[in-house]
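**Student:** Feature annotation from TrEMBL assigns ATP binding site to A:Lys11, A:Leu12, A:Gly13, A:Gly14, A:Ser15, A:Gly57, A:Gly221, A:Lys225. As annotated by TrEMBL, substrate binding site applies to A:Ser56, A:His61, A:Thr159. Annotation source TrEMBL lists domain 'Aspartate/glutamate/uridylate kinase' at A:7-245. Residues or ranges marked as site 'Transition state stabilizer' in TrEMBL: A:Lys20.
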2 protein chains.
Amino acid sequence: MSMDSNLTFLKLGGSLITEKDKPRTPRAKIIQQIAWEIREALREIPNLRLIIGHGSGSFGHATAKKYRTREGVYTLEDWYGFVHVWYDARALNQLVIDALFSAGLPVIAFPPSAITFREGKKVQIATQLIQIAIEKGLIPVVQGDVIFDLDQGGTILSTEEVFAELSFHLRPQRILLAGVEEGVWADFPLRHSLVTEISEDTIKSENIQISGSIATDVTGGMAEKVKSMLDLCQRVPGLEVWIFNGLKKGNVLNALRGFPMGTKILSRNS
Amino acid sequence: MSMDSNLTFLKLGGSLITEKDKPRTPRAKIIQQIAWEIREALREIPNLRLIIGHGSGSFGHATAKKYRTREGVYTLEDWYGFVHVWYDARALNQLVIDALFSAGLPVIAFPPSAITFREGKKVQIATQLIQIAIEKGLIPVVQGDVIFDLDQGGTILSTEEVFAELSFHLRPQRILLAGVEEGVWADFPLRHSLVTEISEDTIKSENIQISGSIATDVTGGMAEKVKSMLDLCQRVPGLEVWIFNGLKKGNVLNALRGFPMGTKILSRNS
């Protein structure tokens, strides 16, 4: 299948859709608001094709950290942790699905735990049914999730890692990462100077320091995110990644419309 | 992988776990009761390996019937129906998962919509991760679900059909179908004469009439069920299918213990 150029991946960050410091507390109004903005975007741009992903926030991360699931799953207790992380992530997924479906969006979930595994550094993901779902006009929903790992039993795959794998197969035009920051700050945590564009060139020429996010995240903070997305942009020519603030009303809609915002990551300066 | 002989598939029928005549009404106490019986069975028989499946009952069937999803998915409205059936089935799945997880069972869901598709009469199912889950001591949960169909867009796959496909790959010893009838009645709806064993031999020699179930079921009633399971037993040597009443307290536990009950379907008279 050759994808058309309107394929966009939209991630709703765990910090955006949950109260990150309160266990298992969703931000229901934010999720609902974003669901309606996605709906409006699809009304305006009927040929827009979407995959939606979301983080685990205060649902999955605390359990994942407690059981160190990302570092491997070996003992009976580790496997209990694996299932617990899965269950927590799924609980949030259910809330997101509820909101998206209620807004009239034709969503269908593809839990990474059911379609993905890792062997060594290689992640395998079954993309065929996701491709078919997109062709039929549906919106596949993925998430940060536990996955089986042929070497270390199990691990955790972040939404960005799922997106990265899907990108190699589906060649999206843009990946939109909606979080709680305006974008990437050059002076985090002061937040005076926003980096509007990051490429291999700017990284080298301006010697930008990318700082981590405040809350601990088992799948890495902002610095890790930028590095991995920059790497992805090298490997998927033409891809752009936007990091922006999803808390501000209208931002998700405007990002889907293509209005510039936040920080853009691309393979080279355009 | 060669499965050990303790692999059992347990289906919780849609009529058993929902009020079939009241839309989207679960039988929460029954689900909880059964979850605890499964937990007890695993305590008694630590090497018991399980896959749990469940029907959609009053969650999925009404919508599936309205949109005739099983007969193919073509128009925009059909696809809306497809997503709606998926959403309803998933809502019940979430309740079942909640009950099983709360009882301490290491469950992980493999939604057929994400791992299965049909092409012509052939159903393809990705079994690798389900196999790994079982090897790791987890309990995969499947369900009646919508699936993509390469010829007719989409369709519905019943739990029995999912089990049938999995049986070819995983070679379970027994398939336990817990419903609301004591088993297969020779004189339904009078219910005086229970058929305790059905095989190709008994069907031929006794000329048993298998009557349908009362409530309309988009995936076929009892007669259809028996025919398909009898066929499955021919194709998977050594497999036994038990149809029994899951409403009666202790029955699921006793079935998992191997105590005879209900109607047994097997390839030939033992």
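Just so it is clear, glycine is given a Cβ too, placed from its N, Cα and C backbone atoms.
Predicted automatically and left uncurated, TrEMBL annotations should be read as such.
Note that the structure is predicted; figures quoted are calculated from it, not measured.
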**Student:** At the level of the C-alpha atoms, what whole-angstrom distance separates A:Lys225 (ATP binding site) and A:Thr159 (substrate binding site)?
**Tutor:** 11
**Student:** For A:Gly13, A:Gly14, A:Gly221, listed as binding-site residues, tell me which one has the smallest number of other Cβ atoms within 10 Å.
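**Tutor:** Candidates: the binding-site residues A:Gly13, A:Gly14, A:Gly221. Fewest Cβ atoms within 10 Å: A:Gly221.
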**Student:** Please report how many Å separate the Cα atom of A:Ser15 (ATP binding site) from that of A:Ser56 (substrate binding site), as a whole number.
**Tutor:** 8
**Student:** Among all protein chains shown, how many Cβ atoms are found within 10 Å of the Cβ of A:Lys225 (ATP binding site), not counting that one?
**Tutor:** 25
**Student:** Calculate the per-residue pLDDT averaged over the domain 'Aspartate/glutamate/uridylate kinase' (A:7-245) and state the result as an integer.
**Tutor:** 92
**Student:** May I ask you to report the DSSP-based helix, strand or coil state of A:Leu12 (ATP binding site)?
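**Tutor:** Where A:Leu12 (ATP binding site) sits, the three-state DSSP reduction gives strand.
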**Student:** Can you tell which of the recorded positions (A:Lys11, A:Lys20, A:His61) has the fewest other C-beta atoms within 10 angstroms of its C-beta?
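**Tutor:** Comparing Cβ neighbour counts within 10 Å for the recorded positions A:Lys11, A:Lys20, A:His61 gives A:Lys20.
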**Student:** Which of the recorded positions A:Lys20, A:Ser56, A:His61, A:Thr159 has its Cα nearest to the Cα of A:Lys11 (ATP binding site)?
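**Tutor:** So, of the listed recorded positions, the one sitting closest to A:Lys11 (ATP binding site) is A:Thr159.
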**Student:** Out of the binding-site residues listed (A:Gly14, A:Ser56, A:Gly57, A:His61, A:Thr159), which are within 10 Å of A:Lys20 (site 'Transition state stabilizer'), Cα to Cα?
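**Tutor:** Cα filter at 10 Å returns A:Gly14, A:Ser56, A:Gly57, A:His61.
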**Student:** If you measure A:Gly221 (ATP binding site) to A:His61 (substrate binding site) at Cα, how many Å is it?
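**Tutor:** Counting only the Cα atoms, the answer is 12 Å.
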**Student:** Suppose we draw a 10 Å sphere around the Cβ of A:Ser56 (substrate binding site). How many other Cβ atoms does it contain, all chains included?
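**Tutor:** A:Ser56 (substrate binding site) is surrounded by 31 other Cβ atoms within 10 Å.
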